[in-house]
């Protein structure tokens with residue numbers, strides 16, 4: 001699978017492409033597009049969109065992974081990131097490429113095992129995982145590659161979770177052996193409880209008949 005990861009932003013937008021194969025991870029390309037802060041917002045978005053669209057057409061990824069925004073950030077930063085992420089998602093959607101969103105903590109945990117890792121740790125792990133001679137710079141480039149790696153590693157796990165959920169959901173007709181055994185035990189337990197209840201009703205009816213004389217009334221119950 002080939003994944004194009006994007007660390008969205010207006011000042012710097014990282015774009016990294018990674019292949020995930022049976023042999024491991026392989027760097028395909030990494031770049032950073034920059035736009036000047038004094039430029040009109042619409043023109044900055046055009047620059048980001050042009051760069052990402054060129055990468056999509058050149059490398060033809062199977063998936064696009066974009067960093068999900070942090071609401072705790074500065075409002076201006078969040079808005080700029082949201083605009084950039086939007087044009088990236090739109091470019092992918094127009095080409096029929098599925099888009100996945102990953103939070104910073106998910107990405108950090110995926111590549112370093114620590115959801116609170118700093119940028120230096122993420123960069124070091126990306127360099128190691130991709131067997132690079134030189135660390136990708138700036139941090140936006142490393143973050144984009146980390147996003148691609150995160151999705152390559154998380155997507156098989158998510159697929160297994162979805163498959164397991166589909167099989168083990170209450171409405172599913174395809175039950176696991178454990179579920180079938182549990183249901184059988186539950187039915188047997190309920191049958192024993194029903195039989196005990198019937199015996200109690202019979203005994204109560206017999207005692208009442210003995211006290212009042214005459215034949216005991218036949219108890220009624222629903223099966």
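Glycine too: its Cβ is placed from the backbone N, Cα and C atoms.
All annotation found in TrEMBL is predicted automatically rather than curated by experts.
Feature list (source: TrEMBL):
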ACT_SITE  7  active site
ACT_SITE  67  active site
ACT_SITE  140  active site
BINDING   7, 140  Mg(2+) 1 binding site
BINDING   67  Mg(2+) 2 binding site
REGION    204-223  region 'Disordered'
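Overlay of TrEMBL annotations on the structure.
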residue	record	DSSP (3 states)
7	active site	strand
67	active site	strand
140	active site	helix
Chain-internal residues near residue 67 (active site), provided their CB is under 8 angstroms and they sit 6+ positions away:
6, 7, 8, 81, 85, 101, 102, 103, 104, 107, 143, 147
When you measure from the Cβ of residue 140 (active site), which residues in the chain that are at least 6 apart have a Cβ under 8 Å away?
7, 9, 12, 13, 14, 32
State the count of C-beta atoms found within 10 angstroms of the C-beta of residue 7 (active site), not counting that atom itself.
27
